[in-house]
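Listed in Swiss-Prot for this protein:
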- S197, S198, G199, T200, T201, K205, Q338, G339, T343, D424, R439, K530: ATP binding site (BINDING)
- K265, K447, G448: CoA binding site (BINDING)
- 267-338: region 'SBD1' (REGION)
- 339-403: region 'SBD2' (REGION)
Amino acid sequence: MASVNSRSGFCNSNSTFYSKRTPIPLPPNPSLDVTTFISSQAHRGRIAFIDASTGQNLTFTELWRAVESVADCLSEIGIRKGHVVLLLSPNSILFPVVCLSVMSLGAIITTTNPLNTSNEIAKQIKDSNPVLAFTTSQLLPKISAAAKKLPIVLMDEERVDSVGDVRRLVEMMKKEPSGNRVKERVDQDDTATLLYSSGTTGMSKGVISSHRNLIAMVQTIVNRFGSDDGEQRFICTVPMFHIYGLAAFATGLLAYGSTIIVLSKFEMHEMMSAIGKYQATSLPLVPPILVAMVNGADQIKAKYDLSSMHTVLCGGAPLSKEVTEGFAEKYPTVKILQGYGLTESTGIGASTDTVEESRRYGTAGKLSASMEGRIVDPVTGQILGPKQTGELWLKGPSIMKGYFSNEEATSSTLDSEGWLRTGDLCYIDEDGFIFVVDRLKELIKYKGYQVAPAELEALLLTHPEITDAAVIPFPDKEVGQFPMAYVVRKTGSSLSEKTIMEFVAKQVAPYKRIRKVAFVSSIPKNPSGKILRKDLIKIATSNSKL
């Protein structure tokens, strides 16, 4: 490949950008699951997880013993390779135990958001058909309402008035492995996780990731952080049910002995206190939290001990020059590293790995190790070169196998050569830095959560006084974007903004709520009936500046 440009990584002969990072080593053994791969990595780490609120911890020895015991119990109750197991839980030090145990058997883990309603959970259960669910006492009613007969394992020890098939995780963890379990052969190509992501068409779809995808992701994380000297302690506030949380905290960082300090949910005071209390070195977060840290820097530094912290890892959206410089000014000893990835790419895609790279303001970073990129004109399909804007396509060992039971969505997102259409409009500059210009996908990014406009539009149209509706992302400094609705009322209706917002709020998770409504006489559409969201976004943002 002599024609690859040494700066940009661009190859003229096939119009492909190649990563400038050291390629990741992938294990040659085809029969290997991600749990075995992680547990076999040599490191000097002692404590794997700490519960930030109680101080309870799991050492690496205890973690792997627990994983083995739980896997044994699951095997005894009939969980086999290819079975799907649902996990509905806030962050906890036991979340990774469940994931690693399930995957070690060749069974498939599917996670869901604790904020989801019973109806939303029921949809995922219907689609993924789990044979067992892990959850907490508090969240049990949601699963019971969604699937009455699903066997349950409770992850806490609270008493529940429950009929039916309920076990306790703590009892499973105490059990001595029998040694009689016949281990099924698990291949790298077998499915490990089924995480739900809103794709280009808007409705939530199950992303099939293989053990190889996860091993590639683990190796990318180890390559990126594993060479640092000294003990690394990561704060985990990002949700573990999400690819960012699952990739880094339930799997990736364990491979080289990091300690993970787990917060059950994000709360600024708890997070800042935990940094000092547990001497955390690294803080992964999403842009709105970083902005809050800049805005409240004086009070934060006066109140909390942040002396141990040396790195902030930011994902979800690129950071502006103002935010990056503002953070550097307020926290001069802390470096910011950024990352870009999708559920469909197992959270891997691009990153900035040094302070120098992070000074390329607005970038999503350089292509991750062993990743290839293309910029494709979304209209003509022509493959473009450096500094030309088009849809970013990615190819590499962490790209998903496809969408679960959805060939149409798979073929429109993955081409026959394994290229993933990201749905992001980007360009790659002469030094190989990726810049995200816009989202071809119409997803709304609220505080790092994905909200599909199509889902909210379908819900609005069930209201008897609404004849048409469109939902768009409305820009907001605090949360990134929030859902705004354009509504056409039935003739004679005096339906108010408040009533519409309450109507939706009752039926969706809090992050999906509509936070602004405008009434119009008609929704602009193209000849094929597709909503012209760009036109509505222009109207909304120009009106907000008046």
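Numbers here mean position along the shown chain, with the first residue as 1.
Placement of Cβ uses the backbone N, Cα and C atoms for every residue, glycine included.
The structure, with features from Swiss-Prot marked on it.
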residue: S197; record: ATP binding site; contacts (Cβ under 8 Å, 6+ apart): S204, K205, V207, I243, L342, T343, E344, Q450
residue: K265; record: CoA binding site; contacts (Cβ under 8 Å, 6+ apart): P90, N91, T237
residue: Q338; record: ATP binding site; contacts (Cβ under 8 Å, 6+ apart): L313, C314, G315, P318, L319, S351, T352, S358, T363, A364, G365
residue: R439; record: ATP binding site; contacts (Cβ under 8 Å, 6+ apart): G423, D424, L425, K445
residue: K447; record: CoA binding site; contacts (Cβ under 8 Å, 6+ apart): V286, P288, V479, G480, Y511
residue: G448; record: CoA binding site; contacts (Cβ under 8 Å, 6+ apart): V238, H242, Y244, V286, P287, P288, G315, G316, A317, G480
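Excluding the listed site residues K265, K447, G448, the same chain places T237, V238, P239, F266, V286, P288, Y449, Y511 with Cβ atoms within 8 Å of the centre of the CoA site Cβ atoms. Summarised by DSSP class, the composition of the region 'SBD2' (339-403) is 7 helix, 22 strand, 36 coil. Summed and averaged per residue, pLDDT over the region 'SBD1' (267-338) gives 91. Pairwise Cα distances among K265, K447, G448, the recorded CoA-binding residues, top out at 14 Å.
Counting every protein chain shown, 23 other Cβ atoms lie within 10 Å of the Cβ of T343 (ATP binding site).
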